[in-house]
C-alpha cells in the first residue's frame, strides 16, 4: 500500500515537472520567434529597397533632364538663411550662409514599396539628374563638406525629389551711397539655370513670395546694418541662347548711424565750435587766434580724409561729404574773419599813429608860441619890483600851460581805447556764425533722417 502511494506520488511529481518544462519551453519559444521575424523583415526591407534602387538606376541616364521632349521641368526652390553678414562697403559685397532647397519630379524614379519616402545618401545625387543652378551675382560659393558633404536627398514614390545643400555665398551688393551714412540698400541674391532656357526648365518659389526665403531669428551678423526684411521675385533675361528665368531675393538693409556720429559728426561739430571761440579773443592776440584757425583747418582736413577710408572711391559726394564740406567752410571762414579783423586793426593803429604825429606837431607849435609869450611877459615885467613870490606864477602862464597838457592826455586815452576795443566784425561773427551753423544742422538732420530711401529694382519689405 505504501509502495503504491509512493509510486503515485512520483508519477504526479513527474507530470508536474513535465508540464512546467513544457510551459517554459513554449514561453521561450514564443519570445524568440518575433525577434527572428523582425530581423528577417528588416533584411527583407533592405533587400527590397536595394532592388528598387538598383532597378531605378538600371538604364537611368543622368545626362537627360526629366520629361525631355514631353514637358518642361519645373524646379521649386526655397532658402533658409542661417547667417547673414558681414557686409563690405568697400568691396560692395555681402556673405550669406544658407540651406538651399530644390525640388523637382522625375518620373523615371517612381517606385512601389513599403515606404512612401526614401531618405537617401548624398552619393546618389551624382548618379541622377540635378538642376544646373548657379548664382548670377555670386563672387564665391562654398559647399560645406565637413564631416561629410552637407547634402540631403529624399525620394518619394511618385518620383519627386528634394535636394538640399548647405552653401556659403559671397555675392555682389550694388550700393548707392548718396545718402551715406543714412542710406539703405537691397542686396540681391540671383540664381537660375545655367544651360536650360525657359522652354526646358523653369524655376518657381515653393511657398510663394512670402515664405520662400526665411531668415533665422538669430541669423543676423551685422554690426553696421539693420536687416529690415526680405522680398522675393523673378526676372527674365534674353540672350542669344534663349530666354532664362532668374530667381531674385532682396535683403533690405538700413545702416546704423551711431558709429559715424561718434567718429565723424561730433568731432566735426566740436571743431567748428572751437574755431568760433577765436571770435571772443582779443583782436590783438594774433598768435592765439592764428593757432585756433590753423589747427581747426588741419583737423577738418584729417577728419575728411579718415571719413573716406571706409567707403569705396565713388565719383559723387555723399551726405557725409556735404556735412564735412560745410564744416570745413565754417572753419576756413573763421580763419578768414580773423585775417580781416587783423588787417583793419593794423590799419586803425596806423591811422591812430598818424593822428598822434599830427598832435605832436601841434603840441610843438603850441610850445613854441608859449615860450615866446613867456619870454615877452618876463621882459615886460622886469621894471617892476620883484615882490612876487617864486612859487607864484602869472595867470596867463598858468592858463597856457594847462591848455597844452590836456590834448596830450586826451590822445593817450584815445590810443588806449583804440587798442583794447572790440572789432565790429567780431561782434557780428559771434552771432552770425553760430546761428548759421545751427540752422544748417537743423536742415541737414531733418532732411536726411526723414527721407524715405528709394531702391531701384527692389520692392520694399512688408
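Any Cβ shown, glycine's included, is placed from N, Cα and C.
Computed from a predicted structure; not experimentally measured.
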Feature ubiquitin cross-link (Swiss-Prot), candidate list 256, 346, 355, assigned to 355
Swiss-Prot annotation of region 'Disordered' - which of the ranges 377-412, 413-448 it falls on
377-412
Transmembrane segment range according to Swiss-Prot, out of 221-242, 287-308
287-308
Swiss-Prot annotation, N-linked glycosylation site - which of 145, 371
145
Is it the case that residue 310 shares a side of the membrane with residue 98, at least as far as the topological domain names in Swiss-Prot go?
yes
If I take every residue in the topological domain 'Cytoplasmic' (282-286) and average their pLDDT values, what number comes out?
81
Within the topological domain 'Extracellular' (309-318), how many residues are helix, strand or coil going by DSSP?
0 helix, 0 strand, 10 coil
Neighbourhood of residue 173 (disulfide bond) by C-beta distance under 8 A, where only residues 6 or more apart in the same chain count:
87, 92, 93, 94, 185, 187, 188
Just give the helix, strand and coil counts over the topological domain 'Cytoplasmic' (282-286), going by DSSP.
1 helix, 0 strand, 4 coil
Across all chains shown, how many C-beta atoms besides its own are within 10 angstroms of the C-beta of residue 187 (disulfide bond)?
25
Other parts of the chain folded back onto the transmembrane segment (261-281), taken as Cβ under 8 Å at six or more residues beyond its ends
288-289, 292-293, 296, 299-300, 303, 306-307, 320, 323-324, 327, 330-331, 334-335, 337-338, 426, 429-430, 433-434, 437, 441
